[in-house]
Amino acid sequence: MEIYSPVVPAVKDVKRLDEIRKSAKFHPSIWGDFFLSYNSDNTQISEAEEEEVAKQKEAVRELLAQVPEGSTYKMELIDLIQRLGVNYHFEKEIHDSLNYIHENSQHNDDEVRTTALRFRLLRQQGYRVPCDVFRKFTDGEGNFATALTNDVEGLLELYEASHLATRGEEILDRAMEFSSSHLQALLNQHLVGSVSLSKRVDEALKMPIRKTLTRLGARKFISLYQEDESRNELLLNFAKLDFNMVQKMHQRELSDATRWWKKLEVAKRMPYARDRVVECFFWIVGVYFEPCYATARRILSKAINMASIVDDTYEYATLDELQILTDAIQRWDVNETLEDSPPHVQMCYKALIQAYAEIEDEVVENFGGEELYRVQYAIEHVKQSAVAFFEEAKWIYNNSIPTVEEYMKVAFVTCGYMMLSTTSLVGVGSDRVSKADFDWIVNEPLIVRASCVICRLMDDLVGDEYEEKPSSVLCYMKQYVVSKDEARARLEQQVKDAWKDMNEECIEPRPASMQILTRVLNLGRVIHLLYREGDSYTDPNRSKEWVKMVFVDPI
């Protein structure tokens with residue numbers, strides 16, 4: 001997150017503060033009460049729909065079973081199921097098939113497309129497949145053969161596979177440079193081939209599979225796949241039915257979230273804060289969209305909305321007011337009202353305490369009182385965030401620019417991804433997470449640190465024009481005496497390296513289950529989408545079409 005807000009906090013001049021507060025207005029919500037219209041009546045899933053989905057699901061399962069293990073068609077089928085967003089129905093079947101491929105494949109294919117597809121599928125599953133399988137497609141100097149440029153499908157698979165690289169895998173770095181440059185050239189010259197393939201290449205160059213949000217990616221791929229003349233009608237129809245059924249569930253959840261948000265009266269009581277309940281829910285569906293994570297979505301949605309309010313309050317309040325708020329959050333006294341504090345401080349604290357009380361109720365109701373320890377892990381992150389936000393406010397108050405190391409230590413906390421990574425586990429079933437998982441994730445493992453790097457730096461790279469607030473760009477420029485362009489280039493490389501660290505953590509032996517690691521990976525995917533070409537959180541018009549595709553328009 002940081003859910004970066006370009007408002008100047010903690011200024012010394014009270015008169016200037018008043019002027020800033022009057023002008024510190026974000027774009028209002030573009031959705032308003034739109035999602036309140038979705039209720040149990042118009043989002044009801046009929047018995048006939050459920051029966052049809054179940055019927056087609058079994059037909060797809062039979063298709064998977066009929067295709068010979070280890071065959072190219074089996075890999076293509078698994079890839080289609082994953083990209084259509086219905087792989088969560090067939091996790092065991094896919095695991096068994098890919099395990100067979102991993103144990104029995106000789107990697108002796110002559111086609112780059114097959115080699116790259118196998119490599120990507122296995123790496124996505126967490127298998128440590130050597131990148132040397134691509135050397136057969138290079139010359140003595142390690143350059144990829146120019147003949148590969150005649151195979152668009154092969155180039156596309158090579159490009160997608162290259163995004164599964166870890167640090168030190170230079171051949172995959174060269175594969176990415178080679179494939180992306182040639183695909184772009186072919187696209188520019190209209191030499192890709194069919195319209196359907198051209199659209200796939202264009203989408204891949206914008207958003208490779210590894211960085212794609214599963215739900216949004218599935219919505220887009222379904223539209224592309226139905227234009228494919230070789231499409232499998234069974235798979236396509238099942239994907240459409242499943243997407244629409246899950247969309248109805250999300251619509252009900254978003255209606256509930258909107259109703260909860262309205263009760264907070266944020267627009268009235270905290271008008272300086274961004275009204276982004278819909279965008280926050282989109283963020284969380286990016287972390288987990290599957291029906292089994294409904295409780296987790298409710299909890300994480302409340303947490304991210306509270307993080308946004310707290311962030312905006314620390315951007316808005318004076319330093320003295322922030323001292324009061326920070327101290328109160330450290331005490332975390334549910335009976336404290338801060339009645340002698342300004343209204344916005346009182347409301348921020350009250351909303352925060354109330355939200356986490358509701359989260360505790362959710363945990364008790366769904367998992368039992370013995371699981372309440374989960375919420376304490378989440379609250380501890382909120383406390384750490386308050387201290388870090390206050391540290392940032394003091395930098396601005398004192399007109400100081402910290403070193404890159406000082407900045408990143410604080411910004412890792414204020415970006416919100418440590419908090420979201422931990423809180424993403426709070427609403428997950430006891431069969432999927434344990435106390436040991438919480439102990440692991442709060443100790444800042446590499447994958448969480450990498451997600452923080454991606455979040456913090458991508459946020460800064462689109463928001464560095466706001467020079468009132470120290471950013472990694474400004475800190476880097478000052479410390480290393482380089483131009484803004486040079487600073488940005490080096491920070492962009494750090495983002496690329498962070499993705500490689502994320503990939504490494506997902507390969508066996510893994511530090512946690514793939515289900516847990518995927519939550520953190522998905523957080524990285526969300527930030528890549530939202531901040532790739534601008535701040536699509538603060539400016540809701542940037543994310544409007546994505547929201548419509550996922551929550552409004554059925555297929």
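Yeah, the Cβs are placed from backbone N, Cα and C, and that goes for glycine too.
As recorded in Swiss-Prot, the features of this protein are as follows:
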type	residues	note
BINDING	Asp311, Glu315	Mg(2+) 2 binding site
BINDING	Asp311, Glu315	Mg(2+) 1 binding site
BINDING	Asp459, Glu467	Mg(2+) 3 binding site
REGION	316-322	region 'Homodimerization'
REGION	392-429	region 'Homodimerization'
MOTIF	311-315	motif 'DDXXD motif'
Can you count helix, strand and coil residues in the motif 'DDXXD motif' (311-315) using DSSP? 5 helix, 0 strand, 0 coil
Could you give the Cα-Cα distance between Asp311 (Mg(2+) 2 binding site) and Asp459 (Mg(2+) 3 binding site), in whole Å? 14
Counting all other Cβ atoms within 10 Å across every protein chain shown, which of the binding-site residues Asp311, Asp459 scores highest? Asp459
Look up Asp459 (Mg(2+) 3 binding site) in the DSSP assignment and report helix, strand or coil. helix
Around Glu315 (Mg(2+) 2 binding site), how many other C-beta atoms are within 10 angstroms of its C-beta? 25
If one measures from the C-alpha of Asp459 (Mg(2+) 3 binding site) to the C-alpha of Glu315 (Mg(2+) 2 binding site), what distance in angstrom results, rounded to a whole number? 16
